[in-house]
């Protein structure tokens, strides 16, 4: 079997918001890579076996004392090195060049003039055939003097060194961000570094990843049974499909129907996995328990804890009926792993602690099976399609773990959940019919616990309000509200008010993130 981890790239993270995007772009090329904090134990670099090293951007300044630096082992390794933004600045500063703070930060589009055609830039031109690239800049400092042995390969009208290289050492640096789509030929530059300069084979494909994970899972669990909490979300669905292919009937899924899922989602999950794919699924209808526990609770965090703790309790009860289960499968993905690892100095970014690990009782004493822990979300989706899951399921918009419990403001009641699920289904149905669903990042309805006066027929009505939310985003860290057509919003509003008894008003949320969050609670 092909070893898909033989050719790989190491990315040292200096805290940039785009670091994970660098890794995703390299994976798209077909090469495995990992992200390590810049202050990771340098003695492990040689043992990792990378064919090249990328130094990411970051928010710090190389002109200040104590700024993050690349380990000397990077330069002693003999490997190709590619510094991006801050990565190029520390490359220059550490190797005998100089950096300085700019009079004004440069953020946004820029034109870079190629003045020396090295292995990165040879033959690249703009649409008019000139040796010029449209790129995305985001920096405050810049390289003012290149180190000995380096050549300036690109410049702009604002900074003297937009790119540099030492081709003898195979060390390269660019001040701009090739990983973002605004840099029109950025993927070409990354491919040239990873494939042409580092010599990596493009073995990281969905089909190869599936074969690799099937072999790993079989080796890990042997003849033991595995249990999986199936939620209907993308990650757990792909884990279920992958493990079913790997170990067949040795997998048992536990699907907890909380009463807080999307409209008819429980039936859809059972139809897909139990009936269509033949996966063993235990369906637990727990809506009564959830609504009883949530009665009188309005605080969002309290609701989240109740919903999460009750899931653990129910999952624990069901797992006790599966005496032969020795392993617990989880949908941990690579960003969770990165966020948990963090930086030992605290200078690299740490976003949150990992939300899967530690969520189940200690006494369960089950080994962990995490077949997606090397993958980004977009890779998980591609695996899902390769495994035969419906595209409509694999590319569904994100849905919060607590479900409708955090889309019903205030106290959660069964009647509110049923009303909201139907309103949400109407919104999503109309988005699909208008060919808008795949053009936005996330859309959903929210139940507001306030009543508004309306007129139904000739009678006065005093009924509930539904809010609609749709956003466009790249990373969900920031988001813009989606500018949906007025006629479309009118159609959705009319359907919700006409088809659902108890709703008299529909409003549209036009808040960005920040200052608002995407979810209302």
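Any Cβ shown, glycine's included, is placed from N, Cα and C.
Sequence annotations record features per position, and here Swiss-Prot assigns active site, nucleophile to 85. Annotation comment: Swiss-Prot describes 177, 179 as active site, evidence class sequence analysis. Per Swiss-Prot, the feature ATP binding site maps to 231, 232, 233, 234, 235, 236, 237; the stated evidence is sequence analysis. Summarising the annotation, Swiss-Prot assigns domain 'Glutamine amidotransferase type-1' to 8-203 and lists sequence analysis as the type of evidence. Per Swiss-Prot, the feature domain 'GMPS ATP-PPase' maps to 204-396.
Here the features listed in Swiss-Prot are placed on the structure.
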| residue | record | contacts (Cβ under 8 Å, 6+ apart) |
| --- | --- | --- |
| 85 | active site, nucleophile | 16, 56, 57, 58, 138, 139, 174, 175, 176, 177 |
| 179 | active site | 18, 21, 22, 24, 25, 84, 186, 190 |
| 231 | ATP binding site | 255, 401 |
| 232 | ATP binding site | 255, 261, 262, 265, 266, 268, 269, 399 |
| 233 | ATP binding site | 331, 399 |
| 234 | ATP binding site | 377, 380, 381, 384, 393, 394, 396 |
| 235 | ATP binding site | 331, 333, 372, 377, 380 |
| 236 | ATP binding site | 228, 229, 230, 331 |
| 237 | ATP binding site | 230, 272, 273, 384, 389, 393, 394 |
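The average per-residue pLDDT of the prediction over the domain 'Glutamine amidotransferase type-1' (8-203) is 92, rounded to a whole number. Residues 230, 238, 239, 331 surround the recorded ATP site, their Cβ atoms falling within 8 Å of the Cβ centroid of 231, 232, 233, 234, 235, 236, 237, which are themselves excluded. DSSP assigns residue 237 (ATP binding site) to a helix in the three-state reduction. A simple way to gauge crowding: the CB of residue 177 (active site) has 24 other CB atoms within 10 angstroms, across all the protein chains here.
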